[in-house]
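Asks: Taken from Swiss-Prot, the feature topological domain 'Extracellular' covers 1-1036, and the record attributes it to sequence analysis. Residues annotated as domain 'Sema' in Swiss-Prot: 103-553. Taken from Swiss-Prot, the feature disulfide bond applies to C322-C425, C346-C388, C676-C713, C680-C719, C691-C703, C734-C765, C738-C770, C749-C755, C865-C902, C880-C892, C922-C959, C937-C949 (among others), supported by sequence analysis. The annotation O-linked glycosylation site is assigned in Swiss-Prot to T788. Annotation source Swiss-Prot lists domain 'TSP type-1 3' at 853-908, citing sequence analysis. Look at Swiss-Prot and you will find 1058-1151 tagged as topological domain 'Cytoplasmic', backed by sequence analysis.
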Amino acid sequence: MPCGFSPSPVAHHLVPGPPDTPAQQLRCGWTVGGWLLSLVRGLLPCLPPGARTAEGPIMVLAGPLAVSLLLPSLTLLVSHLSSSQDVSSEPSSEQQLCALSKHPTVAFEDLQPWVSNFTYPGARDFSQLALDPSGNQLIVGARNYLFRLSLANVSLLQATEWASSEDTRRSCQSKGKTEEECQNYVRVLIVAGRKVFMCGTNAFSPMCTSRQVGNLSRTIEKINGVARCPYDPRHNSTAVISSQGELYAATVIDFSGRDPAIYRSLGSGPPLRTAQYNSKWLNEPNFVAAYDIGLFAYFFLRENAVEHDCGRTVYSRVARVCKNDVGGRFLLEDTWTTFMKARLNCSRPGEVPFYYNELQSAFHLPEQDLIYGVFTTNVNSIAASAVCAFNLSAISQAFNGPFRYQENPRAAWLPIANPIPNFQCGTLPETGPNENLTERSLQDAQRLFLMSEAVQPVTPEPCVTQDSVRFSHLVVDLVQAKDTLYHVLYIGTESGTILKALSTASRSLHGCYLEELHVLPPGRREPLRSLRILHSARALFVGLRDGVLRVPLERCAAYRSQGACLGARDPYCGWDGKQQRCSTLEDSSNMSLWTQNITACPVRNVTRDGGFGPWSPWQPCEHLDGDNSGSCLCRARSCDSPRPRCGGLDCLGPAIHIANCSRNGAWTPWSSWALCSTSCGIGFQVRQRSCSNPAPRHGGRICVGKSREERFCNENTPCPVPIFWASWGSWSKCSSNCGGGMQSRRRACENGNSCLGCGVEFKTCNPEGCPEVRRNTPWTPWLPVNVTQGGARQEQRFRFTCRAPLADPHGLQFGRRRTETRTCPADGSGSCDTDALVEVLLRSGSTSPHTVSGGWAAWGPWSSCSRDCELGFRVRKRTCTNPEPRNGGLPCVGDAAEYQDCNPQACPVRGAWSCWTSWSPCSASCGGGHYQRTRSCTSPAPSPGEDICLGLHTEEALCATQACPEGWSPWSEWSKCTDDGAQSRSRHCEELLPGSSACAGNSSQSRPCPYSEIPVILPASSMEEATDCAGFNLIHLVATGISCFLGSGLLTLAVYLSCQHCQRQSQESTLVHPATPNHLHYKGGGTPKNEKYTPMEFKTLNKNNLIPDDRANFYPLQQTNVYTTTYYPSPLNKHSFRPEASPGQRCFPNS
């Protein structure tokens, strides 16, 4: 039906139907009047398909029933329906929006499953992050706190409070600072080997400590933080510890923040700094980063450009100093002599270049010798940002070029040639006062430090640019894709998002943003405090105001389809054609089947599906149902939250909701008769109907009548006689009395022969073995064995023993052969009754001289044993060839083969496991314990030299994994005492996300060792000396006392003579200074002359006001220029003053 008015007054039905039928469309006829009916019937067919489906609580009618609704608030409904008609009319601005190409974004909710978060009650400003991959931990410095977190999920390993003392805070506030400023903000955090060096503002009293990397609560050393950490937490600073252990810090070193310096301390070299109060060296700098590279220490900063003649502008700089610099002599004492700085150029090329002057962050990529920098426009100008990359070779080229020098304050800055164009921190070869000085002239070092040429980036255009956004932090990762190596940039913004971009020379991918990560909840905007990258774990660590986040660098598993995986253009991810999933190159099953498509920048999908807005308020309406009428409630909604955009789908679901309409119940048609309850014999059938056509609701009448009918069935179908098995008969007699026989029994099928199953059943019986019965064979006739020349002979006869169980006659076995031998004399006097055959043989042997009886040859060698173990046999044979029987001679008598037992030892046994024992009780009641069970290799045990059992002899299983009260596991046992006399124990948090009420406190504890556990090392002779104690008597004691008295007397005399000698020297030195009045402290009046003056000491000041190195007790200058005027007022004399009061005195009493 076209969208318009229908002249027919017939009402339509609310009927669900297939998409291609007219019944699918929800059409409402309004019977308030002809014009009203036509109006609504013209509007409703034009609803979106989702609004024409009868779903949910909407009233559904079928059949010829007609429905008519009266809406007092019809204008409200028509307005909602008409607004849904405007979805298809897209304004021109929306068409332009659909044509834009924007980079993809990852919403906070979509990123949360991949992110690990750490917060701590009361901790703020998580600005300092230091990675310790060897300890698998992240060191975090926050306001008043230090933390050790796990690199895997930033879970808490240790929390240590490092707050300022109450006196320090009160002193800070008395100087006009706020309570927020008068806290301890960590501003230096460096992991150096097994120590962590950290500095904090300490309520405007900077302090530094060195702590154990595995136990932050243990302080190894405390030193002054001045010139190493700023006073004010808002001042930028940076620091690096060189490979020689020297600290290079760039910060302001005074309370007011007007004395910036690049300062070296804590090493073997002398402390050095930049020139004090010299704006040409440093002009209101903001320090960004510091790196130890080769022979130099590099510092990246931004400052007011002193060489800019017109107005005030900010330039980005790179400065460097030689690590072997020892300062000057007489000129530039305690000051860098190798300090140089050059401008960093990051701009858009053109006839009038557009400069990004302010450096915000830097990242050193040592594998490529690259320095990436984040640059922005001035804070008061239009926001714009860029990322530029610089080669170290380009930086060195700028420092090897000419300098820029200003002769006087009114002169221009002009280029001047570099006296040492390839300066590499060389030193002077001469000895003496200039020993260890660099080869650079001190006069040049004092006036030539600004380079004339700027450091140019790798590419003329910035790697990445972005308007209307200010970048704040940057880290870079190297990713090996299938075809090339990519530099992936992670850029932090001041709004709290992280941009993931590509740095590549390809024009199609230049300035390509892969995605933007929203790490903060919607509506929250704050700059990132810190950004660190761990390449080995492919993870980002983000420092925020209230916590730390761990964000993975890749989320390949988030792309479910091949199109999404390849369309992301992510160098980390590719489609594995074999496994049919998105994975990294390392996780792919076959590199040849792993594909990527990084040919263009990814584009955000701006298509948006429509969504319904809120329902309008319920309005009463009436309906007509035949001769009766009732009331309903109706409401409507529009597809405008949001509207479909850029080809998105329309809203799915109904646009009109009709509910609470009163209905009288009506019966449905009777169902078909069910099957008869029996297959034979009398049964019954059932049919039903329900009061649901329609069901009564909202006050409607219920149906009148029965909902169930029954009737008899199968009255004339008798059941057949049942066929069944009779009982089993008795078991028959066993077929064998022993050795295992069989028994059977039978049953019969009653009323037929078609019973299911077998009619015969068998079972075994008499399984015990039968007794063995032996039988001997009769003796054989006597047979001659040896016949002598005289006619005497030996004869033998044989018989055999047979044995077999009666139940198995086929198992007959032959026993050992028994042999009897007798000797028969030649005269026949013996009782040798021979057989006729034997006599014939004997007579024939005596009558025929040519008859030769057989003789045995020698035995052959023994054969190999038939078995390797458990009693086998071996055999040897002989032949009747010595001689062979001839002319009717007798054959050889005896056996041609002889058997012998061999290898009676038992066979080797391979070991086998015994059964597992029962599980032991759980080792802990909470916090995670374990069961244990064991088995042994004794079933059987292996014989010596044979294979042992393979596998584990002990198994363990987890138990009692529920968390202990308050989330902590039980404390471990105290460890053994260390060399420092301390013990420690630890526990771990069982809660996945510990909150304020769970896992409070430290995860480790330490204590001094009890005296009973501290090992005491005694001399080797102590035992021997103990045996001689009984020989020490009173005589020995007296002799010892006298010896000690004499020794102390001699020592006292020596000390006294030494003091007298020193005092004489002191009197002589006093005469060097005449006793003239000290005009600075002249008291005047009538006091005695020797009481009118007080002692004073004058010293020359350090020219640069350097802070002495607290740890090495190193002072840069020898205090040679010291002048002293000394007077001794009565009643004291000159000997009452300690010699330390005067540096000129070098003799000290032995006191």
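Glycine residues also receive a Cβ, built from the backbone N, Cα and C atoms like all the rest.
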Asks: Roughly how many Å separate the Cα of C680 (disulfide bond) from that of C738 (disulfide bond), to the nearest whole number?
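Replies: Computed Cα spacing between C680 (disulfide bond) and C738 (disulfide bond) is 54 Å.
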Asks: If you average pLDDT over the topological domain 'Cytoplasmic' (1058-1151), what do you get?
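Replies: Within the topological domain 'Cytoplasmic' (1058-1151), the model's average pLDDT equals 42.
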Asks: Provide, as an integer number of angstrom, the distance between the C-alpha atoms of C902 (disulfide bond) and C880 (disulfide bond).
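Replies: Rounded to a whole number, the Cα-Cα distance is 26 Å.
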Asks: Counting distance between Cα atoms, which of the disulfide-bonded residues C388, C713, C719, C755 is nearest C892 (disulfide bond)?
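Replies: Comparing Cα positions, the closest of these disulfide-bonded residues turns out to be C755.
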Asks: Nearest by CA distance to C719 (disulfide bond): which of the disulfide-bonded residues is it, out of C703, C880, C937, C949?
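Replies: The answer is C703.
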Asks: Indicate whether C765 (disulfide bond) is helix, strand or coil by DSSP.
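Replies: Once the DSSP labels are grouped into three classes, C765 (disulfide bond) ends up as strand.
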Asks: Sequence order is fine: just name those disulfide-bonded residues in C346, C713, C865 with a Cα within 10 angstroms of T788 (O-linked glycosylation site).
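Replies: Near T788 (O-linked glycosylation site) by Cα: none of them.
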Asks: Spatial neighbours of C765 (disulfide bond) among the disulfide-bonded residues C322, C346, C738, C755, defined as Cα within 10 A: which are they?
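Replies: Those near C765 (disulfide bond) - Cα within 10 Å - are C738, in sequence order.
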Asks: So of all those disulfide-bonded residues, C322, C703, C734, C738, C937, which one's Cα sits nearest to C676 (disulfide bond)?
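Replies: Closest candidate to C676 (disulfide bond), judged by Cα separation, is C703.
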Asks: Show which residues of the chain containing C713 (disulfide bond), separated from it by at least 6 in sequence, have their CB under 8 Å from its CB.
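Replies: Set apart from C713 (disulfide bond) by at least 6 residues yet with Cβ under 8 Å, we have C676, S677, T678, I682, G683, F684, Q685.
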Asks: In whole Å, note down how far the CA of C922 (disulfide bond) lies from the CA of C425 (disulfide bond).
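Replies: C922 (disulfide bond) has its Cα 67 Å from the Cα of C425 (disulfide bond).
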Asks: 10 Å Cβ neighbour count around C703 (disulfide bond)?
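Replies: The answer is 18 other Cβ atoms.
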Asks: What does the structure give for the C-alpha distance between C738 (disulfide bond) and C949 (disulfide bond)? Integer Å is fine.
Replies: 40
Asks: Rank aside, I only need the closest one: which of the disulfide-bonded residues C865, C880, C937 has its C-alpha nearest to that of C346 (disulfide bond)?
Replies: C937
Asks: Counting by DSSP, what is the helix, strand and coil composition of the domain 'TSP type-1 3' (853-908)?
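Replies: With helix first, then strand, then coil, the domain 'TSP type-1 3' (853-908) has 0 helix, 13 strand, 43 coil.
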